[in-house]
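**Q** Here's the feature list from Swiss-Prot:
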BINDING   33-40, 642-649  ATP binding site
ZN_FING   255-282  zinc finger
DOMAIN    312-589  domain 'ABC transporter 1'
DOMAIN    609-938  domain 'ABC transporter 2'
ZN_FING   741-767  zinc finger
REGION    948-987  region 'Disordered'
COMPBIAS  958-972  compositional bias 'Basic and acidic residues'
COMPBIAS  978-987  compositional bias 'Basic residues'
Amino acid sequence: MAMDFIRIRGARTHNLKNIDLDLPRDKLIVITGLSGSGKSSLAFDTIYAEGQRRYVESLSAYARQFLSVMEKPDLDHIEGLSPAISIEQKSTSHNPRSTVGTITEIYDYLRLLYARVGQPRCPDHGFPLEAQTVSQMVDHMLAQDQEQRYMLLAPVIRDRKGEHAQVFEQLRAQGFVRVRVDGELYEIDAVPPLALRQKHTIEAVIDRFRPREDIKQRLAESFETALKLGEGMVAVQSLDDPAAAPHLFSSKYSCPVCDYSLPELEPRLFSFNAPVGACPSCDGLGVAEFFDPDRVVVHPELSLSAGAVRGWDRRNAYYFQLIASLAKHYKFDVDAVWNTLPAKVRQAVLFGSGDEVISFTYFTDAGGRTTRKHRFEGILPNLERRYRETESPAVREELTKYVSQQPCPACNGTRLNRAARNVFVADRPLPELVVLPVNEALSFFRGLSLPGWRGEIAAKIVKEIGERLGFLVDVGLDYLTLERKADTLSGGEAQRIRLASQIGAGLVGVMYVLDEPSIGLHQRDNERLLGTLTRLRDLGNTVIVVEHDEDAIRLADHVLDIGPGAGVHGGEICAQGTLDDILKSPRSLTGQYLSGKRRIEIPKQRHKPNPKMMLHLRGATGNNLKNVDLDIPAGLLTCITGVSGSGKSTLINDTLFTLAANEINGASHTVAPHREVENLDLFDKVVDIDQSPIGRTPRSNPATYTGMFTPLRELFAQVPEARARGYSPGRFSFNVRGGRCEACQGDGMIKVEMHFLPDVYVPCDVCHGKRYNRETLEIRYKGFNISDVLQMTVEDALRLFEPVPSIARKLETLVDVGLSYIKLGQSATTLSGGEAQRVKLSKELSRRDTGRTLYILDEPTTGLHFHDIEALLGVLHKLRDEGNTVVVIEHNLDVIKTADWIVDLGPEGGHRGGTILVSGTPEEVAAHKASYTGQFLAKMLPSVKARETRPAAMANKPDARPPRKVKPEKVAKAAKSATKKTAKKAS
């Protein structure tokens, strides 16, 4: 009997509190709730983990040892599961060979298409390389004018130097009486001596004929003789019209002019991961590394003696004596600014003197001088040589700082070799197709019509390609190109690519578990994504989505709201059922926001920008940006909006952040191309807060990441008992010998390998999971040892450490960003993306800032519930009110409507985007008809504009630097009391 429900009893994974529930099968189920409430614990660590585990356990023990078997979730009973597929937000691959085309398998079909119906051409002459049979050659010639006379030629020698007397002897011996030498006809006995040092072409005249039906047999035999003599090549020249182009034939894939040939086409030839198809220069990576003059000349505003090129200034005696000798030879001043030196001098310094010999003066250790004459190697060739010859990893790492990447000059970044680049389908080579945006590629294949047998073969392949491209368009990725590297995709894009691949697979009866597929997607594209999810469901699958998007929740067949709080305060089912059930439930926070009982308010007044305090970025042209001029008001909260692929990340992350980090923080990022930047001196620090994990090992935790663990260990080292025993702060670290338990090396758990079963982690039987040895655990602060403290939640720890400012400040900021429920020693690998980002935000908040920091956040609302977003906005507005500048890339309309300033990019994604449509207040953007963001924003803003009376926190003194307004301790206390007030209101 078919089951209609997935029945779960007694689920206790992570923070789930023994929950029982029945989920309908073959429906679209949305699981929502606060960040950290237990949504992923239920969807991924319970339902998916058990579905996957059961499927894998049905395989043989031999097969299981090659698969990663998931840990058995902590629950009493579960039934009604299907084989499970999870589509998570993790980025696809860090392999530089992985592209959108290879992930979606579209590239495999393209390789097949080009191998089966592609037409190879000669790279130099453009002639089609078509192998013809003798019958085809004869038929072609018999179709010519019967009154014309022709001669059949077999090329024996092609463009080779020499007298070739031996060749003529051999032809004479074989019975040939006429030859054509360099275009002139001769009797074989009357050929003049050939010039030894000149190139010659010698063709044997095989036959002379008029094309008539009765000579078909003779002509076939002549062609066979000619092909044998000419090694598969034949030319037929008109005798009556010598100026006419010859008819060229080949029995193999080769050019009739230059003998360029190809073996039979096969899919491997078009793979940049196979030696037969990859460009030999870059091994199929498409990029070449080179020492970049812009990176080598670090400070072009300085002179060579003052350090324009690091390591070649006065501080390095050996290299500077070379520069001094160069200056004497080329008559320039070593103290002159690099930018003012003549181009010829700069060329010689960087690339060497070429053939020019220069007199160099060397100082010996004894104080003497020697003079030697030789060519100057050049700084860049010097770096290349040292990089090539060194065996020291440290030297190699140091030199890597000066290396940049550029498209491979041999293949122009296409990754393929010469042969693969010159095979055509409908007059288009493969590299030309993979650079098209997906929607244009789809149009090309829909309109593709090949004649004859090629069309029949191509039909099936083209259908598969078209379907897969269509799925990418459906999930809002029409702006991507197939050659886009996988490691440049955002988490949301990577997830939607996997989603498109799954729809392409067309499986039925499967359970899909998705993690926020709407991330990085503009409201405009949301409808198409939701259509894709319903399509997956309609195929006959159960689709379980962890999602906060309002449209997705409203569309779902079944909604599950987990809460009421986060962490230890969550793990319960607050409400479940249809949308109406959620709206009516008094316990459901989600229902309160959806019904309008609670909402994120629009500010009563907006902060005005100060025209004298604007950051100007001019002429940004990275990726798809079209000479963009960006103005960001200092001291305000600015939202960067626009449809997916419009250029937001390129403009902010690749251009603005890298530029500011290099200038202000002294970093060495590669900056996307731009013309100039003004007013960066408004800021003294730039901070990028993204959603990457705060640590990749289980030893990393919120206490270590925020820097709280150091004062914590110092505090324990000051306890009288610890001082009496002579314990240092290092004694209380679980990462070094001394205080940690050596049986488990401070992990608290011991891994037991089970081969084809999942590895089992058991608590260490020496320390019982406490990570420290007995002596260390005897040291107590107010009755708690170091292990007890790491097991505390942030709110409990704050009560304990309130009198210790260095620890309390860090704990207060964790509370401010809504992370009061996480444990201090919780493994970083168990934090969600939203939690990791807020831990980073809290770390920055806990630092004493000057009110002149530029904060850049990329989609901070990822993984956040409406209620979490409200708390996050409180933090961002607090940063802004202290005089800092906050720039947020965001699609969430609740964040956008509360911003002071919006920069909207578009109008579309990919090559149809890359321009700023409108900049201004939310009201100004909402009034802009061409802006998609404006259209959705207009529905959320009241018709009465917010009163724009209050000036920005730093606009009072236009000529002064942004002032520091509030001390962090006061801010933290104010925020804490505000949090308590909201908590009282909520209850």
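Glycine residues also receive a Cβ, built from the backbone N, Cα and C atoms like all the rest.
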**Q** Which residues of the same chain, at least 6 positions away in sequence, have a Cβ lying under 8 Å from the Cβ of S646 (ATP binding site)?
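**A** Expected: N624, L905, G906, P907, E908, G909, G913, G914.
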**Q** Looking only at Cβ atoms, how many others are within 10 Å of the one on K648 (ATP binding site)?
**A** 25
**Q** Need the DSSP three-state call for S646 (ATP binding site) to compare against my parser.
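**A** In the DSSP reduction, S646 (ATP binding site) maps to coil.
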**Q** Could you put numbers on the helix, strand and coil content of the zinc finger (255-282), residue by residue per DSSP?
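**A** Each residue of the zinc finger (255-282) counted once, the result is 4 helix, 2 strand, 22 coil.
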**Q** Return the average pLDDT for the zinc finger (741-767) as a whole number.
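**A** Reported value for the zinc finger (741-767) is a mean pLDDT of 85.
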**Q** Validating a neighbour-count step here. Other CB atoms within 10 A of the CB of G33 (ATP binding site): how many?
**A** 30
**Q** For the binding-site residues listed here (S35, S37, S644), which one has the lowest count of neighbouring CB atoms within 10 Å of its own CB?
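**A** Counting other Cβ atoms within 10 Å of each of the binding-site residues S35, S37, S644 gives the minimum at S644.
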**Q** To see if you understand the setup: which same-chain residues, six or more apart in sequence, place their Cβ under 8 Å from that of K39 (ATP binding site)?
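**A** K39 (ATP binding site) has long-range Cβ partners I31, T32, G33, V546, I562.
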**Q** Which of the three DSSP-derived classes (helix, strand, coil) applies to K39 (ATP binding site)?
**A** helix
**Q** What same-chain residues, at least 6 away in sequence, bring their CB to under 8 Å of the CB of G642 (ATP binding site)?
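**A** Those within reach of G642 (ATP binding site), by Cβ under 8 Å and sequence separation of 6 or more, are H522, K648, D904, L905, G906, G913, L917, Y932, T933.
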**Q** Where DSSP helix means H, G or I and strand means E or B, what are the helix, strand and coil counts for the zinc finger (741-767)?
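**A** The counts are 0 helix, 8 strand, 19 coil.
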**Q** Tell me, by DSSP, whether G33 (ATP binding site) is helix, strand or coil?
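**A** Looking at the DSSP assignment, G33 (ATP binding site) belongs to a strand.
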